[in-house]
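The structure under discussion appears below in the form of structure tokens.
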Amino acid sequence: MRVMEGLIISFRFLVLVILLGIFVGCGCSQHNAAPAVYIVTLKKAPISHLYYGQLNFNRNGRVTRFDKPSNISHIDLMNGSYVSQLHDSLLRRVLRGEKYLKVHSYHYLINGFAVLVTPQQAFKLSRRREVSNIALDFSVRTATTHTPEFLGLPRGAWAEEGGYETAGEGVVIGFIDTGIDPTHPSFNDNSTYPVPEHFSGICEVTLDFPSGSCNRKLVGARHFAASAITRGIFNATKDYASPFDGDGHGTHTASIAAGNHGIPVIVAGHNFGIASGMAPHSHIAVYKALYKSFGGFAADVVAAIDQAAQDGVDIINLSITPNRRPPGLATFFNPIDMALLSAVKAGIFVVQAAGNTGPSPKSVASFSPWIFSVGASTHDRVYSNSIVLGNNITLSGVGLAPGTGHVYTMVSAIHALNDTAAKDMYVSECQDASKFNQTLIQGNLLICSYSIRFVLGLSTIKQASETAMNLSAAGVVFTMDPFVISFQLNPVPMRLPGIIIPSQDDSKILLQYYNSSLEKDGTRTKIVKFGAVACILGGIKANFSLSAPKVMYYSARGPDPEDSSADNADILKPNLIAPGNSIWAAWSFCGAESIEFQGENFAMMSGTSMAAPHIAGLAALIKQKFPTFSPAAIGSALSTTASLHSKYGGPILAQRAYANPDLNQSPATPFDMGSGFVNATAALDPGLIFDTSYNDYMAFLCGINGSAPVLLNYTGESCGVSTMNGTDLNMPSITISKLNQSRKLQRTLTNIAGNETYIVGWSAPNGVSVKVNPKRFFVASGQQQVLNVFFNATMNSTTPSFGRIGLVSNQGHVVNIPLSVIVKISYHSTNS
């Protein structure tokens, strides 16, 4: 215990140094330093640990239980009122007579609170023996009609569950996001299935979210904004002090995972098919902690996670990421990840977006092994548009718009001005119909300029389209301004025929043709005839590509950073990729994240935010079939069955650059795609699974040097001696950040199918020799098999290299285990 006490003292000293650093960094005295929100966690275990009978160590090293006082009711303990009172008592004692504001009390997953105090007051709290950690609150941000078909659900996973009518039945998915639009038909209560008995959440009732908003589909809805309110940045008019979604992001993600089946997608008056969630029969619980005006804060997100776990959700979807890498000992030790560790202990499968900061290495923003991190890929449905010029040149573009059907004359906006618009430098963006001469534009194609103001949201395609319609134009053509460099443009809806030409080179070709076709008078100052003509082919009908899936350039990449110094962790991230690009899904009627879809019932969005709920919905199908599966077992079923090939049978490619991504791509590695692309049907019959328990995660965390006091803070549990590291976790992958000569690892597989015989094969990473024992084994149903994997460095190298272990059974099960080795140190030099 002397070692432990020394670590606690050292950790306290570190906290004091950090807080003192805050004082110095502010350039002001402790007395007049501005208050801020701090997340304070205590040594006592949270209620979920008590509920699951977790043993703790007291200060003398004896095993005790975190017993509740005999005069406190079970209800008061479970709803947190007793713990909240203890938090209030501590604050009163420490900050006697001083001003402060408690923002949240956390009691279920972590024992602590968020409080608005000055740095000096935070310093006082840090000195209390009840307190082990104080973290300054940090900001977070938000990071499908066809994807069920692309994933093979109708004839595969849904068919195994009895059809879409029952897919996901009895499973509750909790969404930590921007809320939900309860009036959307994707969330209608159109069946008779009951609310699961294990769920106890409530539905907040406000003016924006009236009584009756929840039903047997949308079973719970709350909002969390206390940390934002203390900063004075919460605008109730724009952000809605309710679970209602004023952004659109939360409505979109919830419908991807669990939206009703067969909802028509009508956008800008065009029909784009029908929508369905991955698990259309599952239930939705919403915990709004992010807002369109400012994003969100960790203190509110932790409160939302804490409540979701207490309510009894089965799966948590986080299509959000921190704005920066967490500081301190390890990326895993941040309030959000540690709350999610307790959620996993309670049996909740946690899915998080990997982040949209790719394609650079170490850009993942979802770090911990107990979280299933998802990258974004394409799917096989693409929307393209094109325009045929009068000189027979065809230019490609984007735009969810109809075609013209005929050839029309083109007129540039700058050549159709009225007298009042001559000095308007932005007039070519076509944002104001009053600036133009309707006689010149009527019945012709209006050429507008797509400038940087569109990227910034100061001008919109929607407004330009309305301008063209008000002027009775036959259609609208957008050329790319030369100052808009390397901007990737997604398809946007237009009611009238239209196209956006994203290529600057193609835009030059069109404008050169247009200018060369103008006829002017003898002075060369007045246009007497517009000679250029064109036909827009249209972009409403989808095309299908055999190159999908492909890792998108924005999808965040590994290796997983272990700490703020970006040292490499022995954990594979992302875990998997799923469809995330150009995803149709439900949209809030007040949704403002994409102004081009404002007022629409559906929107097409891209990002790892869209990939994560695909996995959350598919996890609900696995949970439905295997209700006793642990979170790790669900993750294993998804990972080991993932596909390694594109639709045409070649390797999955990864885009390597933001500019011209399809011209900068190469075969994806595990640091791009994790175990591969999700295979929804195979995941329901994985054959073998890798299971990992909460105690395994704790042993791994205890093995990090200096971690004991941090874990005591978050979990109330003391660390014994642990030498476990990330490679020792029983994960369905192996990542070795530093192979110093040789290493032996083990993986334990559990057979959830019938009696089978497996043959083992492997390919070794470059510069490494690999051997696996046994090479062949029989495993009975319900029994386990241990694999021994031996690695030897054969050369010195700091370049990551990759391999794979494959297991094939006589019953057709295939289990894939990706291998990643970064630093290799051999006995001999490379030349020997």
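Glycine is no exception: its Cβ is also placed from the backbone N, Cα and C atoms.
As annotated by TrEMBL, signal peptide applies to 1-29.
As annotated by TrEMBL, domain 'Inhibitor I9' applies to 37-142.
Under the heading domain 'Peptidase S8/S53', TrEMBL lists 168-649.
Under the heading active site, charge relay system, TrEMBL lists ASP177 (among others).
The active site, charge relay system feature in TrEMBL is assigned to HIS249 (among others).
Of all the Cβ atoms in the protein chains shown, 30 others lie within 10 Å of the Cβ of SER609 (active site, charge relay system). The active site, charge relay system feature in TrEMBL is assigned to SER609 (among others).
Taken from TrEMBL, the feature domain 'Subtilisin-like protease fibronectin type-III' applies to 728-821.
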Handout entry: Structural state census, the domain 'Subtilisin-like protease fibronectin type-III' (728-821) (DSSP three-state)
Key = 1 helix, 63 strand, 30 coil
Practice task
Round to a whole number and give the Cα-to-Cα distance in Å for the pair ASP177 (active site, charge relay system) and HIS249 (active site, charge relay system).
Solution key: 7
Problem - Cα-to-Cα gap, HIS249 (active site, charge relay system) vs SER609 (active site, charge relay system), nearest whole Å - result: 8
Handout entry: Across the domain 'Subtilisin-like protease fibronectin type-III' (728-821), average pLDDT on the 0 to 100 scale
Key = 97
